[in-house]
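TrEMBL annotations:
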type: DOMAIN; residues: 182-604; note: domain 'Major facilitator superfamily (MFS) profile'
type: TRANSMEM; residues: 174-199; note: transmembrane segment
type: TRANSMEM; residues: 219-240; note: transmembrane segment
type: TRANSMEM; residues: 247-267; note: transmembrane segment
type: TRANSMEM; residues: 273-294; note: transmembrane segment
type: TRANSMEM; residues: 306-327; note: transmembrane segment
type: TRANSMEM; residues: 333-351; note: transmembrane segment
type: TRANSMEM; residues: 414-440; note: transmembrane segment
type: TRANSMEM; residues: 452-472; note: transmembrane segment
type: TRANSMEM; residues: 479-501; note: transmembrane segment
type: TRANSMEM; residues: 513-538; note: transmembrane segment
type: TRANSMEM; residues: 550-570; note: transmembrane segment
type: TRANSMEM; residues: 576-600; note: transmembrane segment
Amino acid sequence: MSFNKNNPNAVGKIMDYLKQLSTEMGGPEQARRGQGDEERLYRTRGPKYSRVPSKPTLSASTTCTSLATSCGSQGTLVPSNYATIPENVSTESSSEDEQDSFENTRRHFQQLRQISLGNEFKYKMEMEIKSAKEENLRNSIPFVKQLSLESNKVKNDYAINGDAPPYAPTTQRLYLWTQLLAAFAVSMGSLIVGFSSGYTSPALISMNETLSMTKEEGTWVGGLMPLAALVGGIAGGPLIECIGRRWTIMGMAFPFFLGWILIATASNVLMVFAGRVFCGVCVGIVSLAFPVYLGETLQPEVRGALGLLPTAFGNTGILVSFFVGSYLNWSQLAFFGAALPVPFFLLMLLTPETPRWFVSKGRTDDARKALQWLRGKNTNVDKEMKDLTRTQADSDRTGGNAFRQLFTLKYMPAVLISLGLMLFQQLSGINAVIFYAASIFKMSGSSVDENVSSIIIGVVNFVSTFIATGIIDRLGRKMLLYISSVSMIVTLVSLGIYFYLKDTGVDVTAYGWLPLACLVIYVLGFSIGFGPIPWLMLGEILPSKIRGTAASLATGFNWTCTFIVTKTFHNIIDAIHMYGTVWLFAVICLIGLFFVIFFVPETRGKSLEEIERKLTGGSRRVRNISSSKQPASGC
């Protein structure tokens, strides 16, 4: 039978039901029924559907439309969105009990409503999850840029915890020659630093014969330079901010020259001391200024490769001092050192001041000229200039005393790890080996000439720098520190056994090669681990807010330890003999190994944000940078 207006009983039943259902939708009974539906959804679909949206409304017209689309040709309701129907509602049976028919129809529409609510919940929850994912994706980006569709200009920039965001590398073709020239000029100064460090090893032997120095005075020749470097490091910070990075570096050429002339023409020990002090102060200042200058002039794409040049040239300077010192006496070797500042000064004349320092002084025109020279005359530097000025504005706006925060509970772990790495780097005895290599071989009675042995050690130190560069990102920091510690422990223990047997009267002539072999492996192990990694991790584990101040503290601490080791080396030998001194260094290396195992984090493949979050127990705050006027600053 067709479902039409000529069937009054069926239509009457349905319309009566619709009226009652429309009345119940707003009443207390409907609220209770809705709450029951929510509980059933929680049990059947899980807790993610427990948040029920606002109560839907069902009008009579909506229900009529749904009902009309669900009716078949024989007057049977055929809903299309669920699997089974509780009962068929016949439009022909007028003799059925009215109450039973009404209850069956109402249960049917309740099931329809329940399924409709479930679909609505599912849809809304899927939209909520999608929206949350998109929001999380936006929040996970550390530097968010909102671009205008019309002008395509940056509206807002974001920085992390007060950090100045690094300016983005240029997408244009790199112009390397000027940057290579700047890196080479700075590296010439690093060669002088290495030459100054290695000078005492070949010079002390002939110096003792000419000036008749005591053993105590000989220790001061080696120990004065790191002590003066500590003073220079403290003075270098204000100096590079006052007169600039370039003029600070260039200005050290004359004191270097004066120091070497004093040593070369010395007629007594005091003149040698004065020359070493001049050289030491210069070493401390330039060791701070070199990385700052290169960091502010080199592009990120070449900063790693060209940033290696000063380290390589420093090791080259040590090698040159060992090699030339095997042919020249101490005075002639000092004259050779006095010639090195000349090409260094001439090369620095060709380089500009860093653009960042010009911007910090409000000299934007000079900054643009310097940046144009570094990037090439045909390169567009507008974007990099805008990034520099915006970065400087944020740096000026960010205040606070970073020194007071160094030893707070939040930042103390990172600071102590940095200081610990510097401590074990120097107390491993490396500078004693570099400074007094020739003396060590002479005391060992090795069958290999002491000057040749010193040259071999210098070559190993030079080559191992490049080995470390190739494997540090493959094996990780901690693995290289493990290898470094174990190799130094084994070689120092072996060398101590050799000296012990020699001092007790055992004939060790057949093992004359052992001191050289031990020291070669020792220097190689140091140079791939405890040599470069403490300096590398200095920039990785220190939180951004205290990075500059903490790095200065760690650098000063490093020079202090260097002075202690070089100054007391011969005194320790007199107290506990050579074998005891070597074993003492081995014990310190063993303690350093456990320090690395338990306290030093692995930083390979991790962002600075992840490292800082791990060490400080928090995350960096993302903060909007508002543009501000560049303040005029003076010296």
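Using N, Cα and C of the backbone, Cβ positions are placed for all residues, glycine too.
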Establish whether the number of Cβ pairs under 8 Å between the transmembrane segment (513-538) and the transmembrane segment (247-267) reaches at least three, counting only pairs separated by 6 or more residues.
no
When you scan the chain for residues with a C-beta under 8 Å from the transmembrane segment (576-600), skipping those not six or more beyond its ends, what do you find?
416-417, 420-421, 424, 427-429, 432, 440, 443-444, 477-478, 481-482, 485-486, 488-489, 492-493, 495-500, 503, 530, 537, 569
Stretch in 219-240, 273-294, 306-327, 550-570 most in contact with the transmembrane segment (414-440), if contact is a CB pair under 8 A
550-570
Do the transmembrane segment (452-472) and the transmembrane segment (273-294) come close, with at least three CB pairs under 8 A (pairs 6 or more apart in sequence)?
no
Distal contacts, the transmembrane segment (219-240) - CB-CB under 8 A, six or more residues away
196-197, 200, 204, 207, 213, 248, 269, 272-273, 276-289, 292, 357, 431, 435-436, 552, 555-556, 559-560, 562-563, 566-571
Let me spell it out: take the transmembrane segment (550-570), skip the flanking residues so only those 6+ beyond its ends count, and list any with a Cβ under 8 Å from a Cβ in it.
215-216, 218-220, 222-223, 225-227, 229-230, 233-234, 237, 284, 287-288, 402, 406, 411, 414-415, 418-419, 422-423, 425-427, 429, 431-432, 435-436, 534, 538-539, 542, 581
Any residues 6+ beyond the ends of the transmembrane segment (247-267) with a Cβ under 8 Å from its own?
186, 189, 192, 211, 236, 239-240, 274-279, 281-282, 285-286, 289-290, 293, 330-332, 334-335, 337-338, 340-342, 344-345, 348-349, 353
Counting only residues 6 or more past its boundaries, what in the same chain has a CB within less than 8 Å of a CB in the transmembrane segment (479-501)?
428-429, 443-444, 468, 471-472, 508, 511, 514-515, 518-519, 521-522, 524-526, 528-531, 533, 577-580, 582-583, 585-586, 589-590, 592-593, 596-597, 600
Most Cβ pairs under 8 Å with the transmembrane segment (333-351), selected from 174-199, 273-294, 306-327
174-199
Using a Cβ-Cβ cut-off of under 8 Å, list the residues of the same chain that are 6+ residues beyond the ends of the transmembrane segment (174-199) and lie near it.
225, 249, 252-253, 256, 279-280, 282-283, 286-287, 290, 293-294, 297-299, 301-302, 306-307, 309-322, 325, 333-334, 337, 340-341, 343-344, 347-348, 350-352, 373-376, 379, 431, 434-435, 458
